[in-house]
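Going by TrEMBL, these are the annotated features:
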BINDING   GLY11, SER12, GLY13, LYS14, SER15, THR16, ARG118  ATP binding site
BINDING   SER15  Mg(2+) binding site
BINDING   ASP33, ARG57, GLY79, ARG140  substrate binding site
Amino acid sequence: MNPIFLIGYMGSGKSTVGRLLAKHLRLQFIDLDAWIENRYRKSIHDLFAEYGETGFREIEHKNLIEISEFQDVVVATGGGAACYHQNMEWMNAHGFTIYLSASVDMLVDRLKTGKSKRPLISQKSTAEMERFIRESLLQREPYYRQALLLIKSTSEAPEKLAEHIAEEILRFESRS
Ligand SMILES: Nc1ncnc2c1ncn2[C@@H]1O[C@H](COP(=O)(O)OP(=O)(O)OP(=O)(O)O)[C@@H](O)[C@H]1O
Ligand SMILES: O=C(O)C1=C[C@@H](O)[C@@H](O)[C@H](O)C1
Ligand SMILES: [Mg+2]
């Protein structure tokens with residue numbers, strides 16, 4: 001089976017829910033950010049500092065393409081991965097894409113505590129972060145919305161959401 005790619009904004013829950021979805025479907029789990037950190041032996045933060053966002057996007061693209069060769073995996077992509085280097089087209093051609101969407105309020109709430117690991121927001125106050133999320137989500141949504149399946153991240157616990165996604169995948173496949 002080709003990879004299942006989870007895409008969506010930072011904080012939408014791709015890493016958290018992706019791991020549970022893989023377990024539920026008895027597939028391997030790969031987190032693209034963690035994969036890159038292991039490979040380069042540097043944090044995402046340090047990679048941004050060393051190569052800039054442009055350099056990071058090239059690294060991200062190269063590693064996404066490599067991972068796409070794998071079979072029977074759930075891949076949690078980074079929040080921006082879908083939006084650069086025609087990665088969305090690539091993922092749609094090589095696997096099953098799922099957009100995990102979340103409201104701005106939910107994202108702000110979740111990201112308040114996890115800012116330090118995310119260089120695009122690490123230096124921002126909560127108000128600045130909210131404005132940034134609102135604006136960049138608008139720019140990113142046209143990419144995210146090219147996914148085959150849209151799943152809304154509600155206040156459901158991650159385990160329940162993973163089960164719900166697994167059911168939606170089955171439903172989608174029985175239709176096509
Ligand atoms: N369904 C959920 N219910 C409650 N909290 C959640 C849920 N999903 C994720 N979270 C919490 O939100 C935060 C961000 O989640 P996570 O790291 O999985 O997001 P992400 O989409 O992988 O972000 P990034 O694009 O930056 O990698 C974490 O603290 C996680 O525990
Ligand atoms: O939304 C983004 O652009 C990012 C999200 C994270 O997953 C990391 O890939 C990095 O912090 C950039
Ligand atoms: Mg993640």
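Using N, Cα and C of the backbone, Cβ positions are placed for all residues, glycine too.
Model, not experiment: these values are computed from the prediction.
TrEMBL feature annotations superimposed on the structure.
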{"residue": "GLY11", "record": "ATP binding site", "DSSP (3 states)": "coil"}
{"residue": "THR16", "record": "ATP binding site", "DSSP (3 states)": "helix"}
{"residue": "ASP33", "record": "substrate binding site", "DSSP (3 states)": "helix"}
{"residue": "ARG57", "record": "substrate binding site", "DSSP (3 states)": "helix"}
{"residue": "ARG118", "record": "ATP binding site", "DSSP (3 states)": "coil"}
{"residue": "ARG140", "record": "substrate binding site", "DSSP (3 states)": "helix"}
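Taking a Cβ distance under 6 Å to any atom of ligand 1 as the criterion, the binding-site residues LYS14, ARG57, GLY79 reduce to LYS14, GLY79. Taken residue by residue with DSSP, GLY79 (substrate binding site) is part of neither helix nor strand, so it is coil. Listed binding-site residues: THR16, ASP33, ARG57, GLY79, ARG118, ARG140. Those with a CB atom under 6 Å from ligand 2: ASP33, GLY79, ARG118. Checking the binding-site residues LYS14, SER15, THR16, GLY79, ARG118 against ligand 3 with a 6 Å cutoff on the Cβ atom leaves LYS14, SER15, in sequence order. When each of the binding-site residues SER12, SER15 is scored by how many other Cβ atoms sit within 10 Å of its Cβ, SER15 comes out lowest. When every Cα pair among ASP33, ARG57, GLY79, ARG140 is compared, the largest distance found for this substrate site is 18 Å.
Cα proximity to SER15 (ATP binding site) (within 10 Å) is found for the following binding-site residues from ASP33, ARG57, ARG140: ASP33.
The Cα of SER12 (ATP binding site) lies closest to that of GLY79, out of the binding-site residues ARG57, GLY79, ARG140. Using the Cβ center of GLY11, SER12, GLY13, LYS14, SER15, THR16, ARG118 for ATP, the list of other same-chain residues with Cβ within 8 Å runs, in sequence order, GLY8, TYR9, MET10, VAL17, ALA76, GLY79, LEU100, ARG110. Scoring each of the binding-site residues (GLY11, ARG118) by how many neighbouring Cβ atoms lie within 10 Å, the top position goes to GLY11.
Taking only the Cα positions, the spacing between GLY11 (ATP binding site) and GLY79 (substrate binding site) is 8 angstrom. If you measure from the Cα atom of GLY13 (ATP binding site) to that of ASP33 (substrate binding site), you get 13 Å.
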